[in-house]
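Enquirer: Take a look at what TrEMBL says about it:
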REGION    21-48  region 'Disordered'
COMPBIAS  32-47  compositional bias 'Basic and acidic residues'
DOMAIN    244-320  domain 'B5'
Amino acid sequence: MGYLQEQSMYLSARPAIKTSPGHVYDPTAPKTTEKQIISKEQGHEQSEGASDEVIYKIDIPANRYDLLCLEGLVRGLLVFLGKRLTYSERLMSLHDSSALTEGANSSHRGKLAKATCLIRPHAVAAVLRNVTFTKERYNSFIDLQDKLHQNICRKRSLVAIGTHDLDTIKGPFVYNAQPPADIKFKPLNQSKEFSGSEIMELYSAKVVLDTLVCMFSEYCSEKYEVEACQVVQPDGAIVTYPELEYRQELVDSTRTNQYIGISETPSQLAALLGKMCLKTEVTAEGSLKVEVPPTRHDIIHACDVYEDVAIAYGYNNIKKTVPRTSTIAAQLPVNKLSDQLREEIAQAGFTEALTFSLCSSDDISTKLNRHIKDVPAVLISNPKTLEFQVARTTLLPGLLKTLAANKKMPLPLKIFEVSDVILRDISTEVGARNERRLCAVNCNKSPGFEVIHGLLDRVMTLLEIPKSVDKNIVGYYLQATDDPAFFPQRCAEVVVNGRVIGRMGVLHPDVITSFDLALPIACLEINVETFV
């Protein structure tokens, strides 16, 4: 679930939650005020009249959907402090047959149309009856819905939540897919009806449903009671939701202690899990039988239970010990060599640049007078922007873009980069490999081929690679070659011990102009891993 976003919440002294998605967490300022937030984001003048009440910021882990609203956060704190029963005991009525009731008629039935399956193949539903919503409760409900949309719903790409007032609509319902212009309804907090196209301009399904139901069923006239709904699949199968499934997870207490580094009895471990809203019993063998409620969909494996034990115990309370296996850390040889080269090249008068690992397909093909089919590039399957379509196969485009962004700087412009490129390689396990390279460019009124050549000689001197006069002797030498990215008869291959490790020369005018540059440029790019 590494893709999920961590959520931020602001908790004031009063029972209110305030969020600021664009606010960056500052460890030196764990608390703030509404006035400070507005002043920082909108300016000091806009903060006039805002509250000076202290608001505490709480970071919620991305996998704890049950803590994304004030109701869930307060419950979690009360259970942790032992002032309230666990989720399992409080929400058990949701799982009882008397509480999870199916409608006597078909009014609570929803049909999933075949056309919808192409876009949304699954649908779930539930009813919370006689809900009492104050303005604060309603805002909290909408806020949770929005956080779920941004988090597990992947900005509505996986799941879309719809909430309706059952007093104003009547079933049975059909979940159908229609052209945007044919869809008309009045969204929440809006006073007029919109079409689907206008809505677009305006602004894992069971997990989302369970979270919403469990968080806000306490506002029903019969607390923690929910009515089930039926969803008719296109094949005619009828599925009842919500499931609100409670499952058992058997965990070894000895292994739990070993993994965390503590020495607690099974009873003490059960008490710690109870603080994390996980009802736990100790078996006769000393194992832990953990009941996972429908609010804890983040508990997937026994490792998740170990993590909750560690959190309840307190990471700071775990005794620090020396590892049983002693190892001595060492820098990777290729990284050590890279750092040494960076320092020496900088002392030679070049400025280091750090460019993006992703680029457009044109940057490594068309702009370099090459065809994309001839480039061993790794393609991004679903790029968000045209600037990041492929993984770079050469460091040259990034440096040329850097030159284009610094054309106002005084000449000469001498920059370099020592970084990885990614090359498609079917012989490797993942189908691609990294290669550490050194690339340097010189931009001036004249190409400055001698500057780049001098840099190559300096690097080889530092690496103690002698210059070879005879190709059969160990050392390095240059041999002429043709490359469409370079000016004709102004390109050479760098050969070390009989192996081609890179190229150097004067860039072709078409390449220079394609990167919005006008001055001649000489460049060098070699494989550094050869010397490790």
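Positions of Cβ are set from backbone N, Cα and C atoms, glycine also.
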Enquirer: What are the DSSP helix/strand/coil residue counts across the domain 'B5' (244-320)?
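Expert: Counts, helix then strand then coil: 33 helix, 14 strand, 30 coil.
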Enquirer: Express the predicted model's confidence over the domain 'B5' (244-320) as a mean pLDDT, rounded to an integer.
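Expert: Value for the domain 'B5' (244-320), mean pLDDT as a whole number: 90.
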Enquirer: Within the compositional bias 'Basic and acidic residues' (32-47), count helix residues (DSSP H, G, I), strand residues (E, B) and coil residues, in that order.
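Expert: Helix/strand/coil tally for the compositional bias 'Basic and acidic residues' (32-47): 12 helix, 2 strand, 2 coil.
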